[in-house]
Amino acid sequence: MELRKRYCWTFGILFAGILAGLIAVSILLARKTGEELDRAKLTTARHGPFTLHTRATLSPASSESAPIYRLPTTVQPRHYELFLQIHLPYDEDDTLPDALTTRGSHVNITLRTTAQGVRNITFHARHEVKENSVSGYIKQFDKDAVSLLEFTGNGTVDGVFKIVSVDFLKVDIVVVHLDRALLPDRDYKLRIQFEGVIGQNMQGLYRSQFVKDGKTRYLVTSQFEPIMARMAFPCFDEPGIRSRFSTTLKYPNRFTMIRTNGQAEGEAITDGLWLIQKYTTTPAMPVYLNAFLVSDFELTSVDAQDPSEEIYPFNVIARKEFIDRGDAAYALQQGKVMMEFLSREFNQSYIEHLPKLDMAAVPDFNVGAMENWGLILYREARLLYRPKVSTAEQKSGVAGIIAHELAHMLFGNVVTCSWWSNIWLNEGFATYLMYMLMGQANPSWNTKYLFSYWVIHDAFQHDSYLSTHPLYDPRVENNTLIDNSFDPIAYAKGASVIHMLKGVLGEIGFNRVLKEYIRANKLGSVEHGDFLREVEIVALEMGFPAGTMSRYLRSWIEESGYPVLMLDRGSGTDPSEITYTQQIFRYPTLQDNDSINNSTVEPTLWDIPLTLTNGAPGAPLEQETAKHGCFLSKAAGSLRSECESEVLDYPTLPASDERIDNFIIANVQQYGFYRVNYDRHNWNRIIMALPVFLDYPTVTPSSVLKNNVIRGQLIDDSFNLARAGFLSYEVPLKLIHNYFTLETHHGPLASARDNFRHLYVMLEGTVHHDLFVEYMRKLMEGGLYTNSRWSNSWTDADVPSHGDSEGSFNRVMANNIIINLSCYFEVAACVTSAVTRFRRWRESGIGFGPDTRTNNDIQTKEHMLCYGVRHGPVENWHYLRGLYDHPEATTSDQRTILRALACTKYEELVERVLAMVLDGKSVRPQDQSAAFAALGRWVGRRTWDFLRSGWSKLTGSTSTIMADLSRYVKTERHLAQIQQLYVDVGGKDGSDSTAFEKAIEQAQVNVAWMAAHADEVGGILKTLTIGEPTPLLL
Ligand SMILES: [Zn+2]
């Protein structure tokens, strides 16, 4: 164990009158000690536009009389023997019935009670179904289909219960009433014969389809998380209830690839045209981890090694044609490396639980992938990688999702959240660990910056609204909220807070926490307190005062939102005069006026781990709070002097020194989940230093500004601080203006692109729009596109083969952003290149087959298609539309084509794309949201109108579509339309109330932004001249 430096914990006296219960709504007043209070008020008055409006401004139209969602805890299942008969047609030429069923199925559930006098058994089955629904469900059964046997201690039958009645209650609850009470601590076997209807909407047990040799082929597969196992068989469908599952499947004998969690056990038994196959028993697991696949797919396999050195088969399963042409090879290679590393790193055996691990690609899948234990299911486009076709972005996407799902084998499967309110314990850890596993399998990728851009910035975006929620969300009780709990907060913020803990404890301490957490909770169900307990043990050993670390973390887990830390060096000569204030960060709405002085609600504050660096040569880039930093405690307000003596243990100039590198940067490389704002002098030095330090072709002089995570952080923080009213737009715009043509890294480019996109959308239709487009075009022309630092724009120069080195991976990714931005803003050379390339591609006849030309052609295909359609002859669109229907077009190709078709500038073709999305045949429901997002890039408001009229026809994820399109709503009139749609549609079925609530707030934020910032941005753009670095007006 490493000895730590002196700590600086100071615990001030808590302010009187803190009402802990009032944090659900929060305001933006920094709470400070003593003399800082006035300063905080001043700061707030200048920046602080927020007050409160209550969480729900609208409520759904109907309210049921509080139905029961949770099962009683008196009866615990231990083991299921599931017999599932899948009625697919015997002959593939047979016409498919309207609905496939599981007629002839049954389940035996061994259960126990610990309570006295229990006379009924309550469990889940989806028995209600809406008219015209294509969801799966279980037909109601009568009491003759149910039996209950009692067993003695030695396993012999000791009695048969009389079933008095079976009640089917609302929200999937079934109650079996018995003639007498169960006895504690005896085994009972509940047997239910049932018939299910197999769904068609990617939920529960469902059918999927694809076309081969001109014929439609069908398969049956499943998606159970969070609460859809109950659509397939009667069960105790809660994540905290673990049981073992012994499954037997009966299916038509023409199917060859039948998989479930366990391994086939013995030979299949023939029963006429049917086969009956038994599978090995699973470990004790939540019911949602069951999975099924009845198909004629093919398998490719590799041996994986357990820490015990035992070998088990690691398989990838997909359509035969994909396996044959090698599309699964990459997934197989990546998966093996990652799984072996994960097991070794945590010293956890996999085959202790299951004898094989499958990853299967299915044509229709509601989410990207699902971590079913032993049978991970993926959307085809997310698992398959086709050499000479797929791009670096797709490659890293495949590696990332495999890493995420494999991480779940421990975080999610071996240890599971006990209820959905803590789903971040599954998803946040899997998201965090996916970067570690990706890095192991692809050492050259530098996954650290990917984490910063893909995860932290994304989490910030979603956590900046009043409608956000805490990581631990105690509201999650009903089925709608359970569905909605799988959101970017659980994934991205969960991972970001875990990342912050790593920054605090350092790698060694942090790894010990994770290992102990898995070991201590193996095959168990956890709440966040179980995790904090392990954190506390390690932190105590490291010398942190007892109870502090878990208490600090709680504020990040149990409160919503995040802070912005304001650092002000003032004009003093002593660096210890830096002052710190914190406020909650939130995008304001028009209702957020003038409440600062009137509010009686205590503000939300956090214990912030502070790290600092500065512009001096050799200033540190890595800081562990355990060694170099300390917390700005919310209890004590500011700990400035103690903190700085810990943190700033390297040369720091007085703030008044005008040297260009005399700046400070806090939250070094974004380990903490907070944004940072500075006084204008400090911002000015940063934005004037950036072009100076980046213009050196070699590594000297060293500067923290050469770190791409820090540059991405400065861009994302400054744009969003301006967006929320904490900072003038002069800062981000001049920051970009001064240095952007020197940027060569994918991370900062991507951060800038996303923030440009926001400005573009906001300014569209205003008097400032042309000015913005013109400015962006010149910015791209003035350096990035035509004179890129690696002498490679979208001309004929090739880019290196991706994935071979960090440089090549970055170049491919960065090049794509530059091309996309340049063509979007119509840089002439880019547009010409796109049109020429489209023509060459079309003439080559390559279509979506392997491209043997240059790597540049492969990597930039998406932009060639999009801008070739937009700026080329109209025939380009029709050519691409023809390829969409080509029998060999894969689901991945179709998605790419759809996105490109949306790039057209012809109104009637836009209409045709919109119609394709809603005709129920052309576009798989899983791709609807991607199509709308693609259209939104070009015709956001138009798409919104169309969507509104076609809402009832949508079968894909309406919440994703809603979230995407509300970004384009920025007028009072369109805002009123969303609110009306909510009343008309959302309120009625209640299923998307959270999505509507978010969309409405997003639109309100946009309306407020227009009033506050449109003219401001326009005014600043007018003052900028390309090629001339410009300081802030001080
Ligand atoms: Zn996950």
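Glycine is treated like the rest: Cβ placed from N, Cα and C.
What you see is a predicted model, and the numbers here were worked out from it, not measured in a lab.
According to TrEMBL, the protein has these features:
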ACT_SITE  Glu405  active site, proton acceptor
BINDING   His404, His408, Glu427  Zn(2+) binding site
DOMAIN    76-289  domain 'Aminopeptidase N-like N-terminal'
DOMAIN    330-536  domain 'Peptidase M1 membrane alanine aminopeptidase'
DOMAIN    663-1002  domain 'ERAP1-like C-terminal'
SITE      Tyr491  site 'Transition state stabilizer'
TRANSMEM  7-29  transmembrane segment
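Taking CA atoms as the reference points, Tyr491 (site 'Transition state stabilizer') and His408 (Zn(2+) binding site) are 12 Å apart. Shown in sequence order, Glu371, Glu405, Ala407, Phe411, Gly412, Asn426, Phe429, Ala430, Thr431, Met434, Tyr491 are the same-chain residues outside His404, His408, Glu427 whose Cβ sits within 8 Å of the Cβ centre of the Zn(2+) site. Checked against ligand 1, the recorded positions Glu405, Glu427, Tyr491 give Glu427 in sequence order as having a Cβ less than 6 Å away from one of its atoms. Reported as a whole number, the C-alpha separation between Glu427 (Zn(2+) binding site) and the residue listed as 'active site, proton acceptor' equals 10 Å.
Residue environment of the residue listed as 'active site, proton acceptor' contains 26 other Cβ atoms, counted within 10 Å of its Cβ in all protein chains. With a cut-off of 8 Å between CB atoms and residues at least 6 apart in sequence, the same chain places Glu371, Asn426, Ala430 near His408 (Zn(2+) binding site), listed in sequence order.
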